[in-house]
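Residues or ranges marked as coiled coil by TrEMBL: 234-303. According to TrEMBL, the region 'Disordered' annotation covers 445-468. Under the heading repeat 'WD', TrEMBL lists 349-391, 392-424, 479-518, 577-599, 600-639, 680-711.
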């Protein structure tokens, strides 16, 4: 066969290959070979739709594509800049820098082998990766190398143990031990078991020949130990000792690996527990949000009823509004309130000079009325500006209880009287009154200015306190009938119920000023109902028939007083009335008959405060507890225990807020059942009184200050 001349087709591939290599290692043009043109088209097909762009792109790409220095620069740029997709419009440039190519994992089609720019980077960094030390793991397995762990866990690590067992096997007459074991477990064994086979290889088996004495037939011998028939030798025993030590080391390595896995599982469990806790908190938050929406819906319904009856209300000169103590909807708050940090007292009112004895407010940023122990004139505050608007002048004793609804205020005092006020008529300067001393006042003729009638009416209503003191213009009525200090009151619409230290409850009609009914607590004690358990009442209840005085447990600051308020709290809804008294009992009354039909006995000290809704009654006592009762069953639903006596409380479906003889305000989350305390910028002496609406809280303490909080 004749040889091919120089320049034949057989030499063509070699020349093309050299041209390709020369074109990659130099910066000359690539337009010299048809084979190279094919490679260019194959490489740049994913990047361009036009053939005339391939030459310009590959001409700029070829000189640097295999340069290690440029590869390193490309990887540095790709780590600092975000990835971007290469769009067709960017291919219009005449040159493409390799940094752009290195950022995107471009696929370069070279036949069937698909190479990416990341592959090129890995190839260039192969030497560095081989010399990098693999970091050891942290934790229990930090002293276990990868090779030792592998050698300890491969199946061949068990061969030495199997070989030793084979060495210790004695060639005794077949007694069928395997078959016996199978039968003991209730399994069927094959007759032709391969009992002579071993899991070890033939190289590891050492055959020990049987002695001639064992081959003799017909001669009986005594029972010998199995170990007496084996002679292993020093070398074999030394080898077994080394194997055993190595196996022990492998066990320690395995133990470390297992402990490491256990620790990892423990960490995972802890992480899952944290996730579960977070999810449970989210679930509780959803429940609270649902309750808040229910309250908001109820508030919207009440607001709708209020606005529908608006024209009728505006036609009257004076109207008692529904009690806000049963209002469930959220209050109207200014937008700045959302910017306040929660749990912080953002306003302090400090005009009082003695511990706060009573307080109440109409609405957030509305009107607040507060009283102190040594001052018979409660102060009216404008909560929007934090300034004093005026004083309610008329009482001659400490005011013990206050309720404010819109512009209407009712107060009860140590002077045994109850006064009805119109807060719109409060004058900061004070006045001699809009009527003369002894003037008769009724709700229908508040605007009248001229009438005179002196003395006290038979129904116990009179205007003025006598010759000692002039009547304030804001005082609309004076209700008298109790013989001792009025300690608590509650009104809704035109009905008022008061409780006093004379151990009676009185129901008043605010429209006529008449005392409608008197309920005697002593009579209820003497005639217990079938649901009353007398032995549950504490021992001091027997002393309630005389002058009542109970020593209070010490507060957090060590101070204490004699508690003399026999009726600690009252509230009614419809015809149902609930009272808490000095004998530690919570009584449920029927206001149509004036009889106590159920007595809840559970406190061991006088009840100081209470509140109820459709389902529960919450009562606070000097026995340092808050009892939450189930109205339907009469049993205790929940008990909250504190370190000091409870003097005030208020609750809703989500939380219970209480004053418990400490500087901080206690909050109990009824959904998550967690306790918290408000202290930031708070009182410096124990809190005595509190009142809140929605996320707005007002507290009064023994430090003579009133604090306003954001919840």
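For all residues, glycine too, the Cβ spot is worked out from N, Cα and C.
On a predicted model such as this, the values are computed, not experimentally measured, just so you know.
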Same-chain residues at least 6 beyond the ends of the repeat 'WD' (680-711) whose Cβ lies under 8 Å from its Cβ atoms:
324, 327, 330-331, 333, 337, 340-350, 352-361, 363-365, 368, 370, 372, 381, 383, 386, 555-557, 559, 644, 647-650, 657-665
Confidence summary for the repeat 'WD' (680-711), mean pLDDT rounded:
94
Could you give me three numbers for the repeat 'WD' (349-391), the DSSP helix, strand and coil residue counts?
0 helix, 22 strand, 21 coil
